[in-house]
Amino acid sequence: MANYKKPRFKDATFKRFLSVVLGTLLLVSLLVVSLGTNATPGSSGLDEGLSESVVNIQSFREKLNLPKENDFSIRLEKQNRLPPRNIDLYPRLAKDHITIVLYVHNRPQYLRVVVNSLSKVVGISETLLIVSHDGYFEEMNKIVEGIKFCRSKQIFAPYSPHVFTDSFPGVSSKDCQEKDEAGKKHCVGNPDQYGNHRSPNIVSLKHHWWWMMNTVWDGLKETRGHDGHILFIEEDHFIYPNAYRNLQLLVSLKPNKCPDCYAANLAPCDVNLRGEGWNSLVAERMGNVGYAFNRTVWRKIHGKAKEFCFFDDYNWDITMWATVYPSFGSPVYTLRGPRTSAVHFGKCGLHQGQGKTNACIDNGSVNIQVDDIDKVANIRPEWDVKVYQNQPGYKAGFKGWGGWGDNRDHRLCLNFAQMYH
């Protein structure tokens, strides 16, 4: 009897064990299927996620009918996705930091001056500096790569005319030139209001600024979730040591001192002035040297993409003054201190000053006086606000200087506004 029951016990145990194993395998299989179904893009690896993201972006851009990218522009796009430099030196950004965006073209001697001035700015190590390039120029790239005083990130306009050497947005063999008549010359292009056809080197100024704004506010991982103010400066803006601390004060004071102000500025709107020296803050028309605004203002600007993209002027700032700001329905004031914290030092145009013999800087350097008062914050919270009204300058009704009449530029501009939406 004992010999008969023992095998039955082993058989029952084996069956129970087998059922447990089979049940476990079934649960594991279901779990694997479930995880595979609900996995988020990129969960199987960074490269895979990035690849899918790139495909999605490319597919969307094809729908926008953006110019077909060449190998160079594709490489620049990849560069734009790289993380900032110097994270090991500055692992944490200040909680209330104001991101700084420096937009540059191809004036390396100018860039050295502004980078040197930024290196002496109090508080610069607390924030992120983004340098936006209009195309790619090796000397400009090397200067920025040498920055060690803060976190820095470079972005390169992939649709810059400087990147497309034989097709739009650059120059193509079929493009109309100067005052050509398209019908007679059998060329491509639409003239501006003065009868002149586009010049790629000139229209790149407006294209770069608009691409940069859309990319910084809505495209970059580092800033697309940032609602606070962002400061914008150019390669020929000398920045004083107290600029960042003064800007922080202006941003904190603006809601109460000037609730109708759209922005904060480091310098007077008249670039020839250095400030009044009063014991009061100043509210005036928005300037183009060291200006900062938040996402709420950006959304208003972005909502006026058509006005911006169709106004016949190749200058982004004149376009803003003459058509975008007036469309807001009320004066666009900015808040600043009574003493400048930034100076425009450029003597030459946008695409001059590239070579050592054509520096556009006296003796290859600038001589801007920085007094002790310019080295520390010199704005006082208790000051009142002096408001300038009816200032001279470009206003609604100005027709524009032209240079922006080609329908292809209008479409590209509008596409930039939709790239990240």
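Just so it is clear, glycine is given a Cβ too, placed from its N, Cα and C backbone atoms.
According to TrEMBL, the substrate binding site annotation covers Asp134. TrEMBL lists Asp236, His344 with the feature Mn(2+) binding site. Annotation source TrEMBL lists disulfide bond at Cys176-Cys187, Cys258-Cys261, Cys309-Cys413.
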Taking the Cβ of His344 (Mn(2+) binding site) as the centre, count every other Cβ atom within 10 Å, in any protein chain shown.
18
Cα nearest His344 (Mn(2+) binding site) among disulfide-bonded residues (Cys187, Cys261, Cys413) -> Cys261
So among Cys187, Asp236, Cys258, all listed as recorded positions, which is physically nearest to Cys413 (disulfide bond)? Use the C-alpha atoms.
Cys187
C-alpha of Cys258 (disulfide bond) to C-alpha of Cys309 (disulfide bond): distance in Å?
30
